Amino acid sequence: MTEEMPSLRCIIATLFFALLLPPGSFAATTLSPSFYDETCPTVFSIIRGIIEQALLSDPRIGASLLRLHFHDCFVNGCDASILLDNSATIESEKEAAPNNNSARGFEVVDAMKIALEFECSGIVSCADILAIAAQEAVNLAGGPSWLVLLGRRDSTTANRTLANLAIPAAFETLDILKSKFAAVGLNTSTDLVALSGAHTFGRAQCTIVIERLYNFNGTGKADPTLNATYLETLRKVCPQGGNGSVLVNLDPTTPNTFDSNYYTNLQAQEGLLQSDQELFSTSGADTVEIVERFSSNQIAFFESFVVSMLKMGNISPVTGTEGEIRLSCRRVHMDYTSSNKWSSS
């Protein structure tokens, strides 16, 4: 494969995505891959460099950063609301059930913001930092690259209630997963299967899968869709009554690599999460054929993943004069100014 091919695929995928959107969608959101070309041309290299440094001590940080972008976009769109801490005006989404003691990588995002504020102050939004970090994390793990559409601004609010309702969960059935994807404008076939492929790298805590191993749906037995050998392996890592914070590889074959093995695992009934295995083990589901196709054709997976990531990144972005460009990704301007005033006093 020549070095030009990944860039060419980026362009083709971006153009293909443009054809999928309704007329005027890009004009309405003003998102553009060249948004920072003049105002902060080093934004990509800065973010990539910080991820590379973080990976030296934390091999799962790439997956964690990608997950932040996912969980952000499913709650009122891609507006960096997931990054806000609790304050007098904010009820943080970090404490919603899908994120509490689970979402991570916030300190790495802080480092990106600090570096970008030093290089081009007040220019790059936290929402765009998450979008770029997701792409760079995937690419650094061996996955595709794409032209990230930029120009989002940051929200001034968070919505913990919606985060509890809207973010797909590890224990949900295919029908529920489909409903949550449809609710944010993603399709319930290719988008669902392609974006679920993000679980080709990263880790999950034993507490997330423990019921599936010992008491699936209150039966007192394991999930019958689990491969018997894989089940025994998981039970050794996650014994009943054991430490729920122990980590398990989402992909037992290539845990730190972004590839199509995730789908091969599903075919072998070795999906770690119920929500993953549902894509292949739900009888008659339209997702089964897509799993089979992605398992046998990694390029098809990569190309579909890029298109679906672009679509997800275009969910209700804050643009124009709406929202703000935060100085700290953890606080809205009003809270940031107030805290600095008190610290100065």
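Counting starts with 1 at the first residue shown.
Including glycine, each Cβ sits where the backbone N, Cα and C put it.
All TrEMBL annotations are machine predictions without curation.
As recorded in TrEMBL, the features of this protein are as follows:
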BINDING   Asp72, Val75, Gly77, Asp79, Ser81, Glu93  Ca(2+) 1 binding site
BINDING   Pro168  substrate binding site
BINDING   Thr200, Asp251, Thr254, Asp259  Ca(2+) 2 binding site
DISULFID  Cys40-Cys120  disulfide bond
DISULFID  Cys73-Cys78  disulfide bond
DISULFID  Cys126-Cys329  disulfide bond
DISULFID  Cys206-Cys238  disulfide bond
SIGNAL    1-27  signal peptide
SITE      Arg67  site 'Transition state stabilizer'
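Around the Cβ of Cys40 (disulfide bond), 19 further Cβ atoms fall within 10 Å across all displayed protein chains.
For Cys40 (disulfide bond), the nearest of the recorded positions Cys78, Thr200, Asp251, Cys329 in terms of C-alpha separation is Cys329. Within the set of recorded positions Cys73, Ser81, Glu93, Cys120, the entry lying nearest in space to Thr254 (Ca(2+) 2 binding site) is Cys73 (CA atoms). Neighbour counts of Cβ atoms within 10 Å were taken for the binding-site residues Asp72, Asp79, Asp251, Asp259; the minimum is at Asp259. Fewest other C-beta atoms within 10 angstroms, among the disulfide-bonded residues Cys126, Cys329, are seen around Cys329. Of all Cβ atoms in the protein chains displayed, 24 besides its own lie within 10 Å of the Cβ of Arg67 (site 'Transition state stabilizer'). Counting every protein chain shown, the number of other Cβ atoms lying within 10 Å of the Cβ of Thr200 (Ca(2+) 2 binding site) is 28. The Cα atom of Cys120 (disulfide bond) lies nearest to that of Ser81, taking the recorded positions Asp72, Val75, Ser81, Pro168, Cys206 as the candidates.
When the disulfide-bonded residues Cys78, Cys206, Cys238 are scored by other C-beta atoms within 10 Å, Cys78 scores highest. The two recorded residues Cys206 (disulfide bond) and Cys78 (disulfide bond) have their Cα atoms spaced 29 Å from each other.
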